[in-house]
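Below is one structure, written out as structure tokens; the observations come after it.
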Amino acid sequence: MYTPHPFGFLIILVPMTNAMRAIAAIAAGVGSVAATVATSTTSSISSSTTIINTSSATTIGGNHTSGSTGFSTNSTLLDADHLPLQLTTAKVDLDIEIDIQLLTNGYDGTTLTSFYNESSWTNASEMDTIVGEEPEPLSLVSIVVVGIFLSVLIFLSVAGNILVCLAIYTERSLRRIGNLFLASLAIADLFVASLVMTFAGVNDLLGYWIFGAQFCDTWVAFDVMCSTASILNLCAISMDRYIHIKDPLRYGRWVTRRVAVITIAAIWLLAAFVSFVPISLGIHRPDQPLIFEDNGKKYPTCALDLTPTYAVVSSCISFYFPCVVMIGIYCRLYCYAQKHVKSIKAVTRPGEVAEKQRYKSIRRPKNQPKKFKVRNLHTHSSPYHVSDHKAAVTVGVIMGVFLICWVPFFCVNITAAFCKTCIGGQTFKILTWLGYSNSAFNPIIYSIFNKEFRDAFKRILTMRNPWCCAQDVGNIHPRNSDRFITDYAAKNVVVMNSGRSSAELEQVSAI
């Protein structure tokens, strides 16, 4: 027969005392967690959420005495109505870990409090990363410096691209069909500067969006559309230069004004389809947008938070496919340029010059005037070809700068869609503004590498040729200009005589 121990009540009292100590330690830990979370997330949590239900003490003790592996539903949990979902989930997981430790090591109040505080700091830090909290706000000096830099960048972008459009409109030598694509590119960059960069600067400096939820979608759509139009215009420019250099005789028949206008319209329609259609349907981002909190106040954010499907599809259409085409075109242009240089060296060898002089003294009578000079007939370095190669170099530099500016962003854009915590917020903003800065670089490239644009910029800035006095672009066709006729004749002479020997060239010159 079982005989009760005379001090059996002490055996029961000791675990109950340890349990009460553990509850007190949990209460202190919960208070520390509440204070830490309130500080790190800059939100106020009601003091009532840190109160522990005293009636749960018996339940906790009973559960641990009976060997339960977790807290009951009435155990020490913060009020879920006042906490984010991530924090509530982390709290439940943390309770399970604490329960396991209590079962393993016993109820030691000091150890339990230390474990809870350390875990609460870790989970609070992880929660900040998962939820996507905004970083610490910039200081006043940083805001002023960044604001001045962004203002200068926006001004250069707007002014430079307006100059490009005015130069093409007012300068007769720039009113060529190929420059219509440059004008379309300048318009896209002008939209980026005026409609995208201005609102992006205000959003990044304030840390939240103040222009309304509806305009946020419109702004994001313009961002995607203008960037896509810029890339597709560069792809069209590279194709235009390739045809112009590779097959100049057929260029006038293939690339007409109508073809150029239709191509530009198709570029803008495709850019609008990629941007406005999915964004208006709301399939470009997750259902729950991020919320920025400051001193208990919630502010909406407007960021390029894309779904993985839309990020991959839009990036391929807007960037990767056109880039593959442009790189392939410029590789072919480079090979053709190398072959062209070799042909120039082969035609102008010193031995052939002596041979031409010898045939000239034998076959041509002295009293018969020359109609053409041999050195001008077979040379490939006519002004027509020189200007073509300068244009190709200019467009190549434009494409290179464009890739440097936008490749990092599009790589990060796809990565961020699949892994929200892999890319920091500041890194994403810096790479986004690096892409925006490309809109300011193109006019600078024109002024450095293209003398015609440089002279046109000078005339516009000095008001030597007011744009209001310029003739209509549609009334001046490139085929009707004197320069086009002269270059076309020189080009045909070069092509017809490029395969002839020196003796045949002397016979032609003697006619």
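Cβ from N, Cα, C; glycine included.
Residues or ranges marked as signal peptide in Swiss-Prot: 1-19.
Among the features that Swiss-Prot reports, topological domain 'Extracellular' is placed at 20-142 (among others), with the record citing sequence analysis.
If you look up Swiss-Prot, you'll see Asn53 (among others) marked as N-linked glycosylation site.
If you look up Swiss-Prot, you'll see Asn63 (among others) marked as N-linked glycosylation site, on the strength of sequence analysis.
The N-linked glycosylation site annotation in Swiss-Prot covers Asn74 (among others) and rests on sequence analysis.
The N-linked glycosylation site annotation in Swiss-Prot covers Asn117 (among others).
Look at Swiss-Prot and you will find Asn123 (among others) tagged as N-linked glycosylation site.
Long-range contacts of the transmembrane segment (143-169) within the same chain: residues 175, 179-180, 182-183, 186-187, 189-190, 192-194, 197-198, 201, 204-205, 433, 436-437, 439-440, 442-444, 446, 453, 456-457, 460-461, 467, 470, 473, each at least 6 residues beyond the stretch ends and with a Cβ under 8 Å from a Cβ of the stretch. Per Swiss-Prot, transmembrane segment is recorded for 143-169 (among others).
Positions annotated as topological domain 'Cytoplasmic' by Swiss-Prot: 170-179 (among others).
Sequence annotations record features per position, and here Swiss-Prot assigns transmembrane segment to 180-206 (among others).
The topological domain 'Extracellular' feature in Swiss-Prot is assigned to 207-216 (among others); the stated evidence is sequence analysis.
Around the Cβ of Cys216 (disulfide bond), a 10 Å sphere holds 19 further Cβ atoms from the protein chains shown. Annotation note: Cys216 (disulfide bond) sits in a helical segment as assigned by DSSP. Look at Swiss-Prot and you will find Cys216-Cys302 tagged as disulfide bond, backed by sequence analysis.
Beyond the ends of the transmembrane segment (217-239), by six or more residues, the same chain brings 178, 181-182, 184-185, 188-189, 191-192, 195-196, 199-200, 211, 263-264, 267-268, 270-272, 274-276, 279-280, 282, 284, 302, 304, 314, 317-319, 322-323, 325-326, 329-330, 395, 398-399, 402, 406, 435, 438-439 to within a C-beta distance below 8 angstroms of the stretch. Positions annotated as transmembrane segment by Swiss-Prot, on the basis of sequence analysis: 217-239 (among others).
Feature annotation from Swiss-Prot assigns topological domain 'Cytoplasmic' to 240-258 (among others). Secondary structure by DSSP for the topological domain 'Cytoplasmic' (240-258): 16 helix, 0 strand, 3 coil.
What Swiss-Prot lists as transmembrane segment is 259-279 (among others), and the listing cites sequence analysis.
Swiss-Prot lists 280-310 (among others) with the feature topological domain 'Extracellular'.
Every protein chain considered, the tally of other Cβ atoms within 10 Å of the Cβ of Cys302 (disulfide bond) stands at 21. The transmembrane segment (428-450) shares more Cβ pairs under 8 Å with 392-412 than with any other stretch in the list 180-206, 311-331, 392-412. Following the DSSP three-state reduction, the secondary structure of Cys302 (disulfide bond) is coil.
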